[in-house]
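To start, the structure under review is shown below, and the notes come after it.
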Amino acid sequence: MTAGTIMPYDEALERFEPVLGLETHVELGTRSKMFCGCKTTFGAPPNTQVCPTCLAFPGALPVANAQAIESTIRIGLALNCSIAEWCRFARKNYFYPDMPKNYQISQYDEPLCFDGYVDVEVDGKTVRIEIERVHLEEDTGKSTHVGGATGRIHGADYSIVDYNRAGIPLVEIVTKPIPGADRLAPEVARAYVTELREIMRSLGVSDVRMEEGSLRCDVNVSLMPRGSSEWGTRTETKNVNSLRSVERAVRSEIERQAAVLAGGGTITQETRHFHEDTGTTTSGRSKEEAQDYRYFPEPDLVPIAPDPAWVAELKAALPELPSVKRKRLQAEWGLSDLDMQAMHNADAIDLVEATVAAGAPAADARKWWMGELARKSNESGTPLADLPITPEQIARVTELVASGALNDKLAREVLEGVLAGEGTPDEVVERRGLKIVNDEGELSAIIDQVLADNADAAEKVRSGKIAAAGALVGGVMRASKGKADAARARQLILEKLGVSE
Amino acid sequence: MSLIRKTAAELGSMIAAGEVSAVEVAEAHLDRMAEVEPKVQAFLHVDREVTLEQARAVDARLRAGEKLGPLAGVPIAHKDIFTTRDMPTTAASKILEGWRPPYDATVTARLREAGLVILGKTNLDEFAMGSSTENSAYHPTHNPWDLTKVPGGSSGGSSAAVAAYEAPLSTGTDTGGSIRQPAAVTGIVGMKPTYGGSSRYGLIAFASSLDTPGPFARNVLDAALLHEAFSGYDPMDSTSIDAPVPSVVEAAKNPDVAGMRIGVVKEFAGEGYQAGVLARYHEAVQLLESLGAKVVEVSCPSFTTALPAYYLIAPSECSSNLARFDAMRYGLRVGDDGTRSAEEVMALTRAAGFGPEVKRRIMLGTYALSSGYYDAYYGQAQKVRTVIAREFEAAYQQVDVLVSPTTPTTAFPIGERADDPMAMYLADLCTIPSNLAGNAAMSVPCGLADEDGLPVGLQIMAPVLADDRCYRVGAAVEQALESRWGGSLLSKAPQL
């Protein structure tokens, strides 16, 4: 499969205008599956979380998970959707080995939530993304295709299926077409998925880990020539497994489609696969093979009819949503838009907030998370939140600095120790012996030794060349392994040499 | 009188009183089965030892003083469409040949809790699709009244087993008449409870919105006892109704129709109905009137459209329900020689594993649900279904129950309709409306047709959750007719 030609992004945007659409699947974090009592623990040995229902044994029946329905309604409310007063599940019929019933229980023309929106900030602008629908369905099993070059089913020697994932509740969130994002389309797509992820987190309905597949995104892109108002044919790119990939997939698809269109070709309505390594997409299933899913209302389940009073209660009990919270925190912390955006991009806001809640001043909390820890996160490729250090521990470090027990340099070492698994900040201070030397006797002894070892420099200072004291302070810091309070050492040196500044 | 001629209620009392053991009762029936099965062929699976083990366990529970229901120790023939842990479950299809389910259907579990002893799994039309049991992938079943005739279907193994005194009770499932029609043509009692009144969990699905488990027995009271034993709310079946089971046993014990309003469905008579069937039916209606019921004629014009609507809805659901038989996780697997893809193995397996009627319905249903045809077929059929339900509701404003012949004809010869699906489908003409509306309905014997001497059934239909009315009326008809006949209709059947 060739990568094909591409048109450079700037040129593509000069000639064409992109229209986006995003379909996002979120695996809900319910304890049991959507239609049976099986557990949903990630990473369990294959086919250990299965039963007659999720394996589609003859005679087995589904029973809807009430928690999943509640979570979906809360998601709908958080996305400003209307909630259906009455709706049904539907069967989506197609044969595939990882789908035990050979139909998926989903929703068709009666979604649980519909007509909502979410606002995202991109480049200082607010973009409103309209939500078409939010519906509930079940996940499929997971196939692994062994042998063959592509890792896909065609050309594989054989395939194995793990049904642990089959039947895990899945919420599908579909946007309306998003025109007008223009050259910011890749960033808008990314900002939208980021916002969804944070909303899910704040609702506590999913762990939304893209790398584990609990948040998956399909990206629809079409182009229309500048000046035209007729949308082009769209492609749907699947397998987009990180926020960065969402952005890259949109960009790459714009560049590819622009080249095809500019060369007089037409875009095929098809599914494409995104490749992390190259950042490009390749053709998957085309429309010629498109399925007729023969949707019909699921006769094994009764309709869902949420009591409007209950929906109102759920709405009233929604947590503060991320965008509202960001505005509040920005005001509380007195930060510029740019600083706040940087924290948002680094996924640091919740961490800073928790650190502040644990007693740290906002400025200090932000300094550590956005400085030292952001650096560690970049170096190790670990998301900030996954670093082995807690907001409480950062708060403790800022407390030790404020009390004078640590300086910034020592504090960095403490953080290093905590990250290396040496224990709590206090334990690291204890084990590494990192307390500032503020025992005057000990400091005095160190200074005496340094003065004796550097008689020339001492003499210069004594004779009035106070600038030479710097070298002596440096000697004290070295001798104390950085634990001395440099200002106090300088004071004592000058005292001992009988000079003043 | 030998044990096999006794009613289930009598056997239950004798076992409870210690007059006879469950093992002795089971042995008597197993012996009867050994004697007549070569002629009747009602069963697909019999395992004497598994059955006796169940009987011994019931005897032990009773000896230990455990309080069991009125049917403890009574044997039962179980339709081979309910999953059973200790016996294979095939739905009479090659695609499930030898399959041993890892779980019991709710109906099976409740039979066991009540202490019923399962004699074996009975034959049926493959996946319950048919009206003669000829569509079984294994063998046909013969009507004990005339071995050259069909026992009805799809639950023909269950009706034949009870009519042949192989079992006092049996289970069936009724999707379009699969309990009532076999009961009618074998001269026994068959009841389709209100949809949702009995659990579908572990019942291998044909058409989910229609399938209803129900009882067969040789008399109305026995049917009521079995109905009570396995019905009622099941949290494993979302469509089961969370309401008390109607007091069907009490109704069966009070055969009093004085003052009841009985509606005769005008549309179910006339052309296409066998004269002997209509004669017995009209006599039964006169009988009810003579017992003090108020009989009125009721018109339900949409009932004549029930058959086509049913043959769109049921196949549509079945085309989806049977998709799971794909050779991946259980059952038959054909062509998996390492050179073929999963899709090819699926296709070969389904081609080899399903019989012609099952394939016909899968294709009908797939077509009816297809994009561009859905509204004209499935969608339209659902509208007809709604209209039929409304006509029932309107009728029940005027009357307490509706009556009709259960079937247009008596049992037909094996092979006669096998190549004519439309003629076969007509066997369910009168029974289908109650399935579409989810109502309760029963068939009770009302005599023998003059022209062939074969049994005729009276259908009694009642509103949702008014199953007890079927039993009250059925018991009244049974009592009056049996006193006229000097015994049960079945006692007139020829000796096997």
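Using the three backbone atoms N, Cα and C, a Cβ is placed for every residue, glycine included.
If you look up TrEMBL, you'll see B:Lys79, B:Ser154 marked as active site, charge relay system. As annotated by TrEMBL, active site, acyl-ester intermediate applies to B:Ser178. Annotation source TrEMBL lists domain 'Amidase' at B:24-470.
Everything TrEMBL records as a feature, shown here on the structure.
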residue	record	DSSP class
B:Lys79	active site, charge relay system	strand
B:Ser154	active site, charge relay system	coil
B:Ser178	active site, acyl-ester intermediate	coil
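Taking the Cβ of the residue listed as 'active site, acyl-ester intermediate' as centre and 10 Å as the limit, one finds 37 other Cβ atoms among all the protein chains shown. Residues belonging to the domain 'Amidase' (B:24-470) score a mean pLDDT of 97 in the model. When the Cα atoms are compared, B:Ser178 (active site, acyl-ester intermediate) and B:Ser154 (active site, charge relay system) turn out to be 5 Å apart. Less than 8 angstroms from the CB of B:Ser154 (active site, charge relay system) sit B:Leu124, B:Asp125, B:Ala128, B:Met129, B:Gly130, B:Ser131, B:Thr133, B:Asn135, B:Thr173, B:Thr175, B:Ser178, B:Pro182, each of them six or more residues away in the same chain. Around B:Lys79 (active site, charge relay system), the same-chain residues six or more apart in sequence whose CB sits under 8 Å from its CB are B:Lys121, B:Thr122, B:Leu124, B:Ser155, B:Gly157, B:Ser158, B:Ser170, B:Thr171, B:Gly172, B:Thr173, listed in sequence order.
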